[in-house]
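Chemist: Pasting the relevant annotations from TrEMBL:
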BINDING   Gly15, Lys16, Gly17, Gly18, Val19, Gly20, Lys21, Ser22  ATP binding site
BINDING   Cys199, Cys202  [4Fe-4S] cluster binding site
Amino acid sequence: MSLSKVRHIILVLSGKGGVGKSSVTTQLALSLTLQGHSVGVLDVDLTGPSIPRMFGVEDAKVTQAPGGWLPVTVHEGDAAAGLGPLRVMSLGFLLPRRGDAVVWRGPKKTAMVRQFLTDVFWDELDYLLIDTPPGTSDEHISLAETLLQRARPGQLAGAVVVTTPQAVATADVRKELNFCAKTGIRVLGVVENMSGFVCPNCSECTNIFMSGGGEVMARDFHVRFLGRVPIDPQFLVLIETGKTPRYPKGTVVEGQDLSSADATPVVEGGESRDSALLVHKYKSCSLAPIFATITADAVASVVAS
C-alpha cells in the first residue's frame, strides 16, 4: 500500500455540499507546513476536484511511475525556515481538459478511490489530508472500508468535520457525524466555516449566515469544537489571482497585526499574480492565525489519541 510512509491520515468530511471543505483542507495543509510538518493532500472528490485550483497547480501533470503515480509538488520543504514540504494528488490532474465532466457510476468511483489509496507514491509524510465529496455515499464507504482494512493501527487519526452555522447545513452534517460513529472513524473536531463576513474596507466581521450552529452541534455529539472561520474576500483574491492579501490599518486577528503598508484591498483582476510561494502569501491572510490555532488543536487531538 502506498500509504506506508504516511504517519497520520486525516479525513476532511461534511454531509453538506458548499460548506468549504476544500478551502478548509487547503488551509489546514498550509498551516501544517508552516508548523514544519510534511504534508500531502489527496482529493477524492471525483466529480468536483478543486484541489489543483486551490493550490494554484492546475497546469501541473502527475508523473507516471511503475505501478502508480507521483504526486504534484506545491512547494519543497525548508528546514531552516521551519517549513514542511507539500504535495497533492487529484483526479483533476488526469483529466484532458479542466472543464471535462466525470460521468461515472458507483463501481468505477469505488475503484478510483481505492486506486488513489494504493497507487500514489507518497514520500515520508507527517500528515495526509483527504478531501472528500459531500454526503455519505460510494466514495466515503470505499474510503472508510479501505482505510480501516489496510491502514496500520492508529494511522487513520480521524476526521475534521466541516459545517456552516445555519440549521439547514448542520442538519445534514449531523448525518456525517453519525457516519463516523457507525464506521468507527474518530472525530478530531468540528470547524464552523463561513461564520461571519470580513469587510475588505474596514475589517468589520458581520454574521451574515448566523453563528454558533457548529459549536452547538459539536456539543450535542460530545466532540471537540475547533473554531469558527469567517469569509474573507482577500483569501478568495489570493486563491483566484495569486496576490498577497492586504488589509486596512488596525486589522488585528488573534493578536496579530495584519495591517498593510498599502491599505488598498486587492480586488480580483486588479493586479497580476506575484511570484512568491502560496504558503508565504497565505501568512498575510487574516485566516492564517485562525487556522494556526485550529491546526494546533487538531494536532493535539491526534497526538492525544
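Cβ coordinates come from backbone N, Cα and C, glycine included.
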Chemist: Using the recorded ATP site (Gly15, Lys16, Gly17, Gly18, Val19, Gly20, Lys21, Ser22) as reference, state which further residues of the same chain have their Cβ within 8 Å of the centre of those residues' Cβ atoms, listed in sequence order.
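Modeler: Other same-chain residues near the ATP site: Ser14, Pro134, Val162, Thr164, Asn193.
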Chemist: Starting from the Cβ of Cys199 ([4Fe-4S] cluster binding site), draw a 10 Å sphere and report how many other Cβ atoms land inside it.
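Modeler: Taking all protein chains shown, Cys199 ([4Fe-4S] cluster binding site) has 13 Cβ neighbours within 10 Å.
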Chemist: Quick one: of Lys16, Lys21, which of the binding-site residues has the smallest count of other CB atoms within 10 A?
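Modeler: Counting other Cβ atoms within 10 Å of each of the binding-site residues Lys16, Lys21 gives the minimum at Lys16.
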Chemist: Could you give the Cα-Cα distance between Ser22 (ATP binding site) and Cys199 ([4Fe-4S] cluster binding site), in whole Å?
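Modeler: Computed Cα spacing between Ser22 (ATP binding site) and Cys199 ([4Fe-4S] cluster binding site) is 22 Å.
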Chemist: Give the distance between the Cα atoms of Lys16 (ATP binding site) and Cys199 ([4Fe-4S] cluster binding site), rounded to the nearest whole Å.
Modeler: 26
Chemist: Rank the binding-site residues Val19, Cys202 by how many other Cβ atoms lie within 10 Å of each Cβ and give me the one with the fewest.
Modeler: Cys202
Chemist: Measuring Cα to Cα, tell me the gap between Cys202 ([4Fe-4S] cluster binding site) and Gly18 (ATP binding site) in whole angstrom.
Modeler: 27
Chemist: Can you give me the same-chain residues 6 or more apart in sequence from Gly20 (ATP binding site) with a CB-CB distance under 8 Å?
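Modeler: Expected: Val162, Thr164, Asn193, Met194, Val229.
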Chemist: At the Cα level, what's the spacing in Å between Gly18 (ATP binding site) and Cys199 ([4Fe-4S] cluster binding site), rounded?
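Modeler: It is 21 Å, counting Cα to Cα.
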